[in-house]
Every structure is written in structure tokens, then in C-alpha cells.
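Novice: Encoded as C-alpha cells, here's the structure I'll be asking about.
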Amino acid sequence: MTSNIDASLEETLSYIAGQLKTLTSIASPTGYTRAATDYLMETLRDMGFGPERSNKGNVLVELGGEGEPLVLASHVDTLGAMVRSIKDNGRLRPTTLGGHQWSTADGENCTVYTRDGNVYTGVVLNTEPSAHVADEPVKTIEKNMEILLDENVDSKDDVLELGIQTGDIIAMDPRTTVTESGYIKSRFLDDKLSASILLGLARAVAGGEVTLSRKVSLLFTVYEEVGHGGAFVPADTREMISVDMGCVGDDLGCTERMVSICAKDSGGPYNYDLVTTLSNIARELELDYAIDVYPHYGSDVEATLSAGYDIRHGLIGPGVYASHNYERSHIDGVRNTYELVRAYVQR
């Protein structure tokens, strides 16, 4: 017989998967996140909380609890692009939003959002995409990439008549899918998967399934991909954990089915005592976890430290393979991450 605890966990995991599909369906490249934060505000209000949106767009919500304040942060801004210019042939020249590698977007469908509310579909391609035509392939670097609109346009004037202009937003299709074997494939698992996990935690707190042992707030940031998402947190914050994707790859212990606990990234070591506590909890709960060092990584909590906050800081998250690409994780990685976060806020 399945215990009530197991049934509750499975229900939460199903909820998280559903939230992921919803969040990835909402375009939110860095700088264009209003629709995503509107959704977060509505969802958190429906749970009975009182979320607030900062001037720059971050969403902060206090879940309750008393004692040393903890902030759990994830980000809902994603990689994307912006219209840099319109070519004479009616194609769009893009510029990146965030650390985009154009080789990962070549051939991807996309959507262009204009400032007057029009929406147009298109495809990202390099300037010599046809194997039967091009003499030699071109490098997939920004100057060789363009957006072909799904409209009958052959000139710059044709595009301008659609209302498209420099500064409009280009969002790549996420193509989110969850397989029967539990694998989760999508663009923007970084970091909408972790944001979904935190929504799952909020729901469990609202439903009385999780009792907080301290004051806990959630922070959903909107400029992580450009480095300043977590630059402001409540003044009383004593500890902050970024819940963001765990790295999977060469010389790393984490897999898509694990929770990753980061000991050090490109910004330096995370708080030693906090890393130790998190790893001890993971071991006690017999979670599948790895402590890793990320060679090319920065998190929201490092922006918080750079802003001058005196806090203990940590970084955990579900293992995600092929980061900043068409990414892959697994529901087991979600489970391990959620169980670690749930245990930490109750200890």
C-alpha cells in the first residue's frame, strides 16, 4: 500500500511537471518577462500568499515561518534574442539575450514579439543553410545568423509594415516533453524546472504538508542570465540558496537523475558550512546526489553577494544535461531536489 507521504510526493511531482509545461510555454527571454511574472503572481495568490513584484520585475513571496530568514531563489528569465536590425532582403539580424551559443539554435522555430503586441513566427537559420546549394558551411556565429519570418516579405519595408523593428524580442520554441521513462526534455529547463520545484514547495506549504522551521521566502528573478537577477533581497536575509540547474558533463559526478550540490563555480566557493549541511541531509535521506565544481557558472546568489549582502550562500538543483541547448533532465532529479529543499526548510 502506498503511504500518504508517498502519495503526496507523487502528487507534488506531477504538479511540478505541469508547472514546467506551463512556464516553458510562456516566452520570457531576459528583458521580456512580464507574462511569466504575471503568471507567478496569480499562481501564488491563488495559493493564499501575498507576492510582490519589485521595480525591476522580480517576484518575492514570503511563505511564512519564524526565525533566521532564508531566501530560496530561482529565475524565470531565459536565453533568447532581440532584433538587431532588418536586412534589405526582409530577414532579421539577431543579437543574443544571455549566453546564447548560436549553434544550438540553428534550425529552431521561433516567435517574434513586437512592441505593439503583434506576434509572428519564424525560424532561426545560418546564412548558408542549404546543403545542396552552399559551397561551404558557414560558422554558426551571430553575424552569420538570421531570422526568416513566416510571412511574405522580401524587403526591409515589407518587414517594417508588419510593425517589426529593432529591439523586438525573439523567443525560441521550447519543445517541452516528458517521456514515459521520466526524462524531461526542453529548452529553458535552466531555470524553469527549478522555478517549478519552488512552486511545488509553495503549494505544499499552503496545503499544510510542509511546516517551516524558519522564515522562508521565495525569490523568482528575471535578469539572472545577464548577471544581476539576485542583486536585491530582503534586508533581513541571513541565508540564500539558489535553486538552479545542476551541471552534467565531463569531470562531474551529477547525472540528470540526481540533485547537484555545488561546492564552487566560477565565482568561487559556496559557504562551506551550508554545503556540508545540505550534503549531510542528502546523505541522511539517502537521496541521489553529487557535490560538484562547475567550471563555467554563475548564480543569482553571487549577484546578491556582489551587491554587498552579508549572507551564507548555497547552490543546488536538478541535474540538467546540455545546458543552454535543448536540455534534458529527469523526474528523479526533480524528486531528489524537491526532497532536499523540503527537508532543509523543516530542519
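Using N, Cα and C of the backbone, Cβ positions are placed for all residues, glycine too.
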Novice: Given that TrEMBL annotates HIS75, ASP190 as binding Zn(2+) 1, state which candidate in ASP116, ASP236, ASP244 belongs to that site as well.
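Specialist: TrEMBL names ASP244 for this Zn(2+) 1 site.
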Novice: Using the Cβ centroid of HIS75, ASP190, ASP244 as the reference point for the Zn(2+) 1 site, which residues of the same chain not in that list have Cβ within 8 Å?
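Specialist: After dropping the recorded site residues, what remains is SER74, ASP191, LYS192, SER194, ALA195, GLU224, GLU225, SER242, MET245, SER299, ASP300, GLY317.
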Novice: Give the distance between the Cα atoms of GLU225 (Zn(2+) 2 binding site) and HIS75 (Zn(2+) 1 binding site), rounded to the nearest whole Å.
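Specialist: Distance (Cα to Cα, whole Å): 8 Å.
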Novice: So if I measure Cβ to Cβ from ASP244 (Zn(2+) 1 binding site) and keep only same-chain residues at least 6 apart in sequence, which ones fall under 8 Å?
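Specialist: Correct list: SER74, HIS75, ASP190, ASP191, SER194, GLU224, SER299, ASP300, LEU315, GLY317.
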